[in-house]
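According to Swiss-Prot:
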{"type": "DISULFID", "residues": "Cys39-Cys70", "note": "disulfide bond"}
{"type": "DISULFID", "residues": "Cys56-Cys75", "note": "disulfide bond"}
{"type": "DISULFID", "residues": "Cys60-Cys77", "note": "disulfide bond"}
{"type": "SIGNAL", "residues": "1-19", "note": "signal peptide"}
Amino acid sequence: MSRFIVFAFIVAMCIAHSLAAPAPEALEASVIRQKRLTCDLLSFEAKGFAANHSLCAAHCLAIGRKGGACQNGVCVCRR
C-alpha cells in the first residue's frame, strides 16, 4: 500500500510540474520588443516644458530600472 501511495505522489508531482511550466511559445513571444508610447506619441513641448525624457524615465523607474532617456524615438532604460 505504501508503494502505491509513493507512486501516486510521484505521478501527481510530475503532472503538477508539467502544468506549472510555461509554454515555449509564451517564452518566445515575450522577447519581442514593442515600441513605447513615451518617446513617440507623448513627446511634446509646451511653454518650455518638454515631457519626452521625463515620461521615459518614469516608465523605466516603474519597471525597476534606474531611469532612462529617449534616443531616436525609443525609450532606453539604464541598468
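Numbers run from 1 along the shown chain.
Glycine too: its Cβ is placed from the backbone N, Cα and C atoms.
The structure, with features from Swiss-Prot marked on it.
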| residue | record | Cβ within 10 Å |
| --- | --- | --- |
| Cys39 | disulfide bond | 22 |
| Cys56 | disulfide bond | 24 |
| Cys60 | disulfide bond | 21 |
| Cys70 | disulfide bond | 20 |
| Cys75 | disulfide bond | 21 |
| Cys77 | disulfide bond | 17 |
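Here the candidates are the disulfide-bonded residues Cys56, Cys60, Cys77. The one whose C-alpha lies nearest to that of Cys70 (disulfide bond) is Cys56. A 10 Å radius around the C-alpha of Cys39 (disulfide bond) takes in these disulfide-bonded residues out of Cys56, Cys60, Cys75, Cys77, in sequence order: Cys56, Cys75. A strand conformation is recorded for Cys77 (disulfide bond) in the three-state DSSP classification. When secondary structure is read from DSSP and collapsed to three states, Cys70 (disulfide bond) falls in the strand class. The two recorded residues, Cys60 (disulfide bond) and Cys75 (disulfide bond), have Cα atoms 8 Å apart.
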